[in-house]
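Structure first, then comments.
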Amino acid sequence: MEKGKLVSQRESRIINPFRVYLLFFVLGALYTWPLVEYLFEGIPYYRNPGPLHFVRKLAPGDHLQIYYHLGLLKEAALGHIEWFSNPLEFAANVNEQSIDTYSLPLSVIYLLFSFVSSPFAYNMYVLITLALGGLAMYLWAVEVTGSKLGGLFAAFVFSFIPLRLAELLGGHPAGFAIFLFPLTLYFFDVAIRKRSFAHSALAGLSIFILSLQYIYFCYYLFMLLIPYIPWRLFPIVKGWIKNRGEAKGDIKKMALAGAPFATGCFGAIWWMLYYKTSSVEQATFGGGRSLGEVSLYSSRISTMWDPQLIWNVYIGPPALIILLCFFYGLVVSQKKEKNKWEILFFSSVFFVAYILAFGTTVDKHFPLFSFFYNNFPFFNYSRVPSKIMVIAIPVMCVLIAGFIGWVGRLEKPRALFGYFAVAIFLATAVNYHPKAIGITLLDEGNALYKRLSDDAKGSLVLNVPIWPGESTWESIYQYYALQSGVPMINGYSPVVSKKHIDEIFWPLFTINSGDLSEAQVDLLRRLNVGHVIFHEEAYPTKVSAYPSSLALRRLLASPYLELVKRAEPLWLFKIVENETPKEARQVTSPIGVLYQAERLHRINGKAVMDEDAINGAALMGALEKGEVKGKILNSGPYATFPSGRYKASFRVKVADNSCHENVLSLNVSGASGRINLASVTLKCSDFKSPGKYQNVTLEYNLAPGKAWQIEYRSFVLGHTPVYIDSVYIRFADQDDNDFEYEAEHFYHTGRVVTDETASGGKAMEGTGEGFRLNGPGRWFDAGSYRALFKVKTGHTPMDEPFVKVDVFSLSRYEIIAERLIMRNEAPEDNVYHDLPLDFRLTKPDVLEFRLYYKGSDVLWVDKITVEPLKAN
């Protein structure tokens, strides 16, 4: 092989590339099982979902986002929209959008199959680009090492390493485009070796296409090329110096061969700079990401060996080969200088990239990331450091191929190292297999969105909950927008303008909790919004301190909305046109909210163990000797609450109540402390008994039309130690002595249906095994109780497990009591039965009652009733 290559053996013909491609297409089908079973009805969404989520309906994520943009390509090809436009999202025109490339030209693969069916086209796009990754890595590895067997091993690792497969199955553009990284390097190396104009043109085309597909990967490829090009040219220039007679002609050939690649590089740089000025600079991170933000996405050291934490930097068994390669290059190959330096070059690149992939995690001991962050142009624009694994993985694969080639040339210890290589390959094959990937079933032909399409008549739609534009939950809205063709003011993009957040998101934010004011309706009308769609399935806990049922009931009661169609979990409303809408009524929830004081943001407070606290820990504070001015103990949690009247009970105590000073101030505030909603100052004498907790309750009102993010703060005012155990919040109309809770008001995974046999005329309905509900998070004093879960089901065998119920402590995050109930305890089909669970509390606590359904039929839950039991 050429001088300067990793393995100095005679170059041999590569395996037919088409055969390699077919091999990895088949392997791809095996490693994405059961994708081939759902080619026409679902698409992959996750590499390793939990056992209950192998197949789920319309899971949010990047897969739906790219499915949307690929769908726009088909719409443009059919002439339904203008080319390179994106008319269905951010339609209020406050998010200045750049050209939508529709992932062209790679997405031509999708377009060709899309006329069969869109899901089928997407799945073929996944499998084809997966196989192209294997082929590209094989070609580059063989070009560098000369080992065909090593090239296959390298291609296998590159194709199925968990990070690469997770990106592809998750629908991230990086997963589809990553094959262009080694492909560019392969064409570049061949162009250098053969002085080939054609291969140089292919290398230039590959890097330009990579810039169109995923800018970050193109950026990291340029980072690699900075040392790689001189490394490849150095032995050639050295040869020119030694043989000046032939150098002139060879220099001309090299210049001619390099011109197309240079042109492609300039094209890629132009596109990246254009994208930066047209989109990124208007985005919320236009000046780059802060180190604080990067640290949130930096992988922990333990993720090197524990793939259950995160796949970002996990390598697995091939890591042993990398260490051997480095050891061989550093110690063993002293006489083979060319091999030694080649191995050390690739090893050094790998280790630098791998360390950078951990971001700020290792900066304390080895500040490599902060050095690049502060000194390398544009390095601060990515918030996910592990993206740089796009350098580490291909370079690692070349080292693996070189190791296999070296084993093939050994004589005496060949068998030993051969067995080692086979063992590593088998371990890798098992370790990398995801067992069964996640498939999300698509909701083609949704009737509610068809109704929206019929009724919209040129108006826009608002999907609720509304997000800032960077949440994967909004990918669900993109999917449905493609079906209905009705533009929405929502959107999902990695580059969202600050203008969209300031003029759309924040003014409409309170709609997420079901609060809709006259001013917001006026804004919606000015934006030409005619309909609102509420998505129960897109309502995670971060949206509000309360479940989606509260927001939905408030929207149903809103004087500005009229229900047009319901198809749970979707609810279609139209904005009423009359000037004098019906009067609004206040809607509350039985759900309570608990915050442990020591888990809030501590400022001057100290977390201490306290057996009297409901979870055994509390927040303690006292002024030091000589201090005279009070100080804040804690702030937070800045949780989002809907409008309404509330009660917040602080559980507090003092060590000594004999003093005559003010000792504690409690405060409920909004707007980061700028709005005081309620407060109280306590003296020692306000505490009945020293060392015993008591509740101090503050009532406050959250006015409609404002995005309330609330914090519960405490201030120590005296030298007597004070202890804050917890803060318990509920609506002011809720009575903790009311022990009957309707299931439809809980957090649930089913849908609310009308049921005349249920106590409130409604019940929660769910199908199949899984958690069905949890709530209400209410206060219970110490004592003995019986919880009655009122449920019914259809035809389920009597001898099978039916439901698992438990009582869960929100203070200690542990199960207090649980019970697996057999079907024969609820023997009658379609008749409600009370299923009992007894429990005892030795101290007060805030509790949830949870139900896990073990069957496969339909389950209905009416309510949960709690009965105090007499002490024995």
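Quick reminder: no glycine exception, Cβ is built from N, Cα and C everywhere.
What TrEMBL says about a protein is an automatic prediction, not a curated fact.
Quick look at what TrEMBL annotates:
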type	residues	note
TRANSMEM	20-40	transmembrane segment
TRANSMEM	120-142	transmembrane segment
TRANSMEM	149-166	transmembrane segment
TRANSMEM	172-190	transmembrane segment
TRANSMEM	197-216	transmembrane segment
TRANSMEM	222-241	transmembrane segment
TRANSMEM	253-273	transmembrane segment
TRANSMEM	309-331	transmembrane segment
TRANSMEM	343-362	transmembrane segment
TRANSMEM	388-408	transmembrane segment
TRANSMEM	415-432	transmembrane segment
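Same-chain neighbours of the transmembrane segment (172-190): 62, 66, 103, 106, 125-126, 129, 132-133, 135-137, 139-141, 143-144, 158, 164-166, 196, 199-200, 202-203, 206-207, 209-210, 213-214, 216-217, 221, 224, 228, 232, 261, 387, 390, 394, 397, counting only residues six or more beyond its ends whose CB sits under 8 Å from a CB of the stretch. Under the criterion of 3 or more C-beta pairs below 8 Å, with sequence separation of 6 or more, the transmembrane segment (343-362) and the transmembrane segment (222-241) qualify as touching.
Here the transmembrane segment (253-273) sits against the transmembrane segment (197-216); at least 3 CB pairs are under 8 Å, leaving out pairs fewer than 6 apart in sequence. Nonlocal intrachain contacts for the transmembrane segment (222-241), taken as residues 6+ away from its ends with a CB within less than 8 angstroms of a stretch CB, comprise 3-4, 185, 188-189, 192, 247, 250-251, 254, 265, 268-269, 345, 349, 376, 388, 391, 395. Counting Cβ pairs under 8 Å to the transmembrane segment (388-408), the top-ranked stretch among 20-40, 120-142, 415-432 is 120-142. If one looks beyond the transmembrane segment (20-40) by at least 6 residues along the same chain, the residues whose Cβ comes under 8 Å of a Cβ in the stretch are 54-55, 117, 119-120, 123-124, 126-128, 130-135, 138, 152, 155-156, 159-160, 165, 169, 432-434, 436-437, 439, 441.
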